[in-house]
Amino acid sequence: MLAFVKILKKFDKVTAKEVQTIYLKVVESSYFNSSDKAIRLMDDVEELFVRHFASGDKRKAMKYLKPNQKEESHATTFFIGLFTGGFVALFIGYCIMAHISGMYTHQSNKVYMSTSYPVLSMFSLFFLHLFLYGCNIFMWRKTRINYAFIFEFAPTKELKYRDVFLICTTSMTIVVGVMFAHLTLIVKGYSSSTVQAIPGCLLLVCYIQRYICNVYCQCCYTRMRLTLLFIQVFLLVLVCPFKILYRSSRYHFLIAIRN
């Protein structure tokens, strides 16, 4: 009955006619509305689901039949705007600093462009992909596409577009902030061992890397160790089999890469 009311409201809005009251009288007096067969059929289906798919546990069955939707938080929207503004400001500062120091000219620092810059830009490319994924989720929800069912995500636990944008903006702010600090220290002429350890702050393992690596090691070897460490941690999180860090979303991402 509620579905008919919504359809008639939409019809009146599109056609600029007022036929809702006329058709509702016919619908209310129809057999399918006055009969209780539909209600009994729903009860029978619910009972069969509880018996065969939930081992008789009705509370467990209701989690699948009537999942509770997560409430949207205004704090999420606030932090998305905050980190977006931080990312834009830091990115503009990085571009100005790179232009002043001449990093992208023929006389640029070849060591920076061949080692540290690819490591940091790798993270930027990864989170750019994540941002585009959030845009896809936004358009799917706007067009009422049930992407969680299509991709077999866990019910009520899939990543919403707000969650994706929050992860993306937070991560990009950290990445661009590290790039800006890293470039600033290079321009000021700090020691190579200290400057090249800064990219490790992206995964909060900078202090471990600097403790393991000998200060007398060659710079290229240190940069290679940092790059391998970043890649290993990301791969471990990506293939983690436990139900943490949005396992269903990571599982779908691996399927998409395989295909």
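The count begins at 1 with the first shown residue.
Note that Cβ sites are derived from N, Cα and C of the backbone, with glycine treated the same way.
Here TrEMBL flags 1-25 as domain 'SPX'. For 78-100, 120-140, 164-187, 193-213, 225-246, the entry in TrEMBL reads transmembrane segment.
Using DSSP to sort the residues of the domain 'SPX' (1-25) gives these counts of helix, strand and coil: 20 helix, 0 strand, 5 coil.
A mean pLDDT of 78 is what the model gives for the domain 'SPX' (1-25).
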